[in-house]
């Protein structure tokens, strides 16, 4: 018996040492993976509900310039949910569920889907997925899970197509403002430019500032880009987060002005075909690159401001 116990101890010690040497760890069962059979029917049900809606979106509004950001927002939101899933599972482990809140939200989401699908109201049909996902999290994992996944669900708002009446009412003032600022800047640069409403005339060319160039959808796309940047960077300073979130709107407006100016200059120097051809798409890339650079630049200035405030507070406390 003693020889057997000694041999067992020796084997355990050797296996422990080999695990340390080769960097192996004893595998731990991961709860969320063990419950995949429970979640697979839920995922299948969501696919059955929303796959026809997604097909209609890809064939319809998501195929236009105004709503081309929709699939990108959906893909990023799904990636954010996947990225936060292990953390969500850990935080909600052992927490109480919330059926009293989850079931009313679930029923409300289903009603939105039925009304939106039957009456062709995209705001209800696509917006219902946010309510259903929130309800499923409350029913399956509780309030802690919903709190962990709040940003991906909020981010999905940017993929919902808005009613055309609201878009048209808000887009026209934005196009007027972008056209005015672009004309003023180019006039100061001694370019032969004039403006009538949202139509810019530079030299012999006339350019219409369309919805895709300076509309509400572009603002939504850039706002989504800024909020995604905030979520990934995750600053500790509340002042820095709030200030950058507020400044995203003027940053988006500035990026729109830069795009219109670039497109106007391309048309003036290289002709109408260049302005409406490949370089028109290049101007769209300029829009997002300039917006991203402006966000990073403003964030750097805010970081410097926070640092200076901290140094000043330390100096005052030391004195």
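Backbone N, Cα and C atoms are what each Cβ position is placed from, and that goes for glycine too.
Predicted automatically and left uncurated, TrEMBL annotations should be read as such.
What you are looking at is a predicted structure, and each value in this text was computed from that prediction instead of being measured.
Residues or ranges marked as transmembrane segment by TrEMBL: 38-62, 68-85, 97-115, 121-139, 151-170, 207-230, 242-266, 278-302.
Remote same-chain residues near the transmembrane segment (121-139) are listed as 42, 46, 49-50, 53, 57, 61, 88, 97-99, 101-103, 105-106, 108-110, 112-113, 115, 145-146, 149, 153, 156-157, 159-163 (criterion: CB distance under 8 Å, separation of at least six residues from the stretch ends). Sequence-distant residue pairs (6 or more apart) of the transmembrane segment (68-85) and the transmembrane segment (242-266) include fewer than 3 whose Cβ atoms are under 8 Å, leaving the two stretches without contact. Sequence-remote contacts of a segment are chain residues at least 6 beyond its ends whose Cβ falls under 8 Å from one of its Cβ atoms, and for the transmembrane segment (38-62) they are 68, 70-71, 113, 117, 122, 125-126, 129, 132-133, 136, 140, 161.
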